Amino acid sequence: MKNDEQVRTLFGISLTERPKWHQFLICSSGFFFGYLVNGICEEYVYNKLQFSYGWYFTFIQGFVYLFLIYLQGFTAKQMVNPWKTYVKLSAVLMGSHGLTKGSLAFLNYPAQLMFKSTKVLPVMIMGAFIPGLRRKYPAHEYVSAVLLVVGLIIFTLADAQTSPNFSILGVIMISGALIMDSFLGNLQEAIFTMNPETTQMEMLFCSTVVGLPFLIPPMLLTGELFKAWTSCSQHKYVYGVLVFEAMATYIGQVSVLSLIALFGAATTAMVIFTS
């Protein structure tokens with residue numbers, strides 16, 4: 001019988017007492033649904049509407065997350081970790097989201113995916129250096145990860161050549177997001193490992209609350225806040241698209257956190273970038 005501290009649920013579906021393949025299938029399905037909708041919405045907003053406001057859109061998304069978490073009944077009183085636990089995690093999370101979304105203004109979607117598909121390798125390497133985790137993998141798993149990455153890059157390159165959109169600024173932005181991603185999954189896994197009572201809702205709530213203020217300086221320094229506010233005010237339906245995207249991504253985010261808690265950061269990275 002599993003310890004009550006390690007019980008996991010996903011939107012009311014009990015995961016802990018199910019077979020591993022059931023857990024994997026349920027969490028992966030939630031992720032695929034969320035990020036399929038997210039990809040469609042991002043393509044529409046960034047490519048068709050030509051709105052390249054990654055930091056601002058991430059900011060809006062954060063408030064939608066908080067509202068949905070509130071509807072789920074989670075409050076700060078249910079926290080089992082101190083707020084300081086989430087400061088580093090939140091900075092990395094918001095930076096990753098903002099840079100990833102913003103890079104679509106300078107890279108086409110296949111090119112971005114090509115870079116992001118390499119995430120599994122830095123995640124595996126970084127896991128050995130995260131306090132509270134210190135995870136190491138056998139040599140054959142590193143070889144498997146390299147082969148997976150190479151295969152994804154070759155597959156994606158063929159698509160990228162059909163609609164080229166390549167900028168050095170976009171490469172810098174997506175590379176920064178990749179570095180942050182290598183920390184992100186491992187930090188999340190470390191928190192789940194050190195305190196099994198941590199829930200997915202607490203992780204998402206705290207990292208969002210702490211992380212939102214980190215988005216304000218880049219929005220102000222780049223002038224994006226005022227540009228985005230003006231553009232979106234002239235096309236108010238964009239907010240509807242953003243809210244719909246955030247709701248779908250919320251399902252994906254909670255599913256990803258469930259995968260990390262149950263299977264670890266490296267396995268989750270492989271699921272995300274074989275999608």
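Each Cβ is built from the backbone N, Cα and C atoms, and glycine gets one as well.
Feature annotation from TrEMBL assigns transmembrane segment to 21-41 (among others).
Annotation source TrEMBL lists transmembrane segment at 53-74 (among others). Counting residues 6+ beyond its ends, the transmembrane segment (53-74) has Cβ neighbours under 8 Å at 45, 94, 97-105, 199, 201-202, 204-205, 208-209, 211-212, 215-216, 218-219, 222, 224-225, 227-229, 231-232, 239, 242-243, 245-247, 249-250, 253 in the same chain.
Under the heading transmembrane segment, TrEMBL lists 142-160 (among others).
Tertiary proximity for the transmembrane segment (166-184) is limited to same-chain residues at least six positions away from its ends with a CB under 8 Å from its CB atoms, namely 89, 92-93, 95-96, 99-100, 102-103, 105-108, 111-112, 115-116, 118-119, 122-123, 125-126, 130, 269. According to TrEMBL, the transmembrane segment annotation covers 166-184 (among others).
If one looks beyond the transmembrane segment (204-221) by at least 6 residues along the same chain, the residues whose Cβ comes under 8 Å of a Cβ in the stretch are 55-56, 58-59, 62-63, 65-66, 69, 74, 76, 79, 81, 83, 85-87, 89-91, 93-95, 98, 228, 250, 253-254, 257. Feature annotation from TrEMBL assigns transmembrane segment to 204-221 (among others).
Here TrEMBL flags 250-273 (among others) as transmembrane segment.
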* Structure fact -> Residues outside the transmembrane segment (250-273) whose C-beta sits under 8 Å from one of its C-beta atoms, at least 6 past its ends, are 8, 10-11, 15, 20, 23-24, 27-35, 38, 64-65, 68, 113, 116-117, 119-120, 123-124, 127, 135, 137, 141, 145, 148, 152, 181, 185-186, 188-189, 192, 198, 200-201, 203-204
